[in-house]
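Peer 1: Annotation comment: Swiss-Prot describes 88, 90, 91, 111, 123, 124, 174, 181, 260 as ATP binding site. Annotated active site, proton acceptor per Swiss-Prot: 250, in sequence order. Summarising the annotation, Swiss-Prot assigns Mg(2+) binding site to 251, 260 and lists sequence analysis as the type of evidence.
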């Protein structure tokens, strides 16, 4: 039974300095622990054939399917503000691209598939814990409606990897609209290779921004398109309390997807200064810093594109600055529209921005749980007089008590009835997110006891994040004091 991949590879047709051709390193005993069957079907793959010994070998990198590109992509990047001229796929190999059933080109990448020319001192492998974390969180993000890479499969390798502590090895099959990053442009721009920057820009326009090809200035339209997608993406993160944790330029997707989950986490108690990543000592990538950091990253992209925007560098800089100036308006519009929907506001009033900001301020002052505060407000929309369940979430409800009558007054101006409002609010305010302590418990069960039942259960719960599931009520609960996760780790 042959596993067929309908590859249609475009990135591997670019010049050889865009990547290194390298085969995955075979593993001792591949064991498929999870296959995303609906995603496989969407990609035009046969899930029954993938769910086989041959399929496990392919998904572990032991067998390379016919037609695979098998390349490690080159890129650079600013890591915590410091430029590194060469990073690249140090433990990931792009098998190739397929056209999915929606007509969209998708990358199929093996993460943890062995050393590449970009591995530096790394072993090229991935540990089971980070693989499960990325599988859980990326699929949860998709269910939440956030643009994201996806997880097709997780495979145990039968080998151990040297981490602290030693862990079982695993490989994640990651699906993305592409793995092109801001850092990919930086790789060539930092070397003064304008021809490569132009070739990459042309490839990105054809693949992700075809409308830019028809614009008077295609490269400006490309920059504006990336800015718009990133602004919208970060606004979506802010609606669900998501903290990426490592927003380096090499982790900023040109396609506008969330990528490289590493030390990501979700906020419990609302605090804009929240940081979980063990390596983010200065809070550079704290929850509230994510919008300005996104703009900082986009500015690095704009610097790469300046020579394409005008033959005159000064004029090119001016054009780029004007484009970057649009980020704030785009982000603020998406952010405020998202907050309005979360508060049940279908129309717009001048005081809405202040109303939303004051609710967040009340949550911060009262140390309320971010996700549950919005969800309980949704539940209360059927009877706005009774906000007791919301109030109970606040350690100090003083600011909330001052805010609540203003919200009641504001929604009274809406034409919607309470039932319709509640329905719409519940569609944007999830009851289930990948709570850090729940994800950690799942990882511990798998790593310490080879027990994947909790992994399957959390995936099932998170696949319906907006629908209350009585038997899984515990997944909605914030952590008890002894359950709190204070730090997350990138796993490399």
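Note: Cβ is positioned from N, Cα and C throughout, glycine not excepted.
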Peer 1: Helix, strand or coil by DSSP: which one applies to the residue listed as 'active site, proton acceptor'?
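Peer 2: The residue listed as 'active site, proton acceptor' sits in a helix per DSSP.
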Peer 1: List nothing but the one residue from 123, 250, 260 whose Cβ has the fewest other Cβ atoms within 10 Å; the candidates are the recorded positions.
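Peer 2: Per-residue Cβ counts within 10 Å for the recorded positions 123, 250, 260 bottom out at 123.
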Peer 1: Based on Cα coordinates, which of the following binding-site residues are within 10 Å of residue 251 (Mg(2+) binding site): 88, 91, 123, 174, 260?
Peer 2: 260
Peer 1: Cα-Cα separation of residue 250 (active site, proton acceptor) and residue 91 (ATP binding site), in Å?
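Peer 2: Roughly 14 Å, rounded to the nearest whole number.
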Peer 1: Among the binding-site residues listed here (91, 174), identify the one with the smallest other-Cβ count within 10 Å.
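Peer 2: Selected from the binding-site residues 91, 174 on minimum Cβ neighbours within 10 Å: 91.
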Peer 1: How would DSSP class residue 174 (ATP binding site) in three states?
Peer 2: strand
Peer 1: With an 8 Å cut-off on Cβ-Cβ distance and a minimum sequence separation of at least 6, pull the same-chain contacts of residue 88 (ATP binding site), or say none.
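Peer 2: Same-chain residues close to residue 88 (ATP binding site) (Cβ under 8 Å, separated by 6 or more) are 20, 72, 73, 74, 75, 116, 117, 118, 187.
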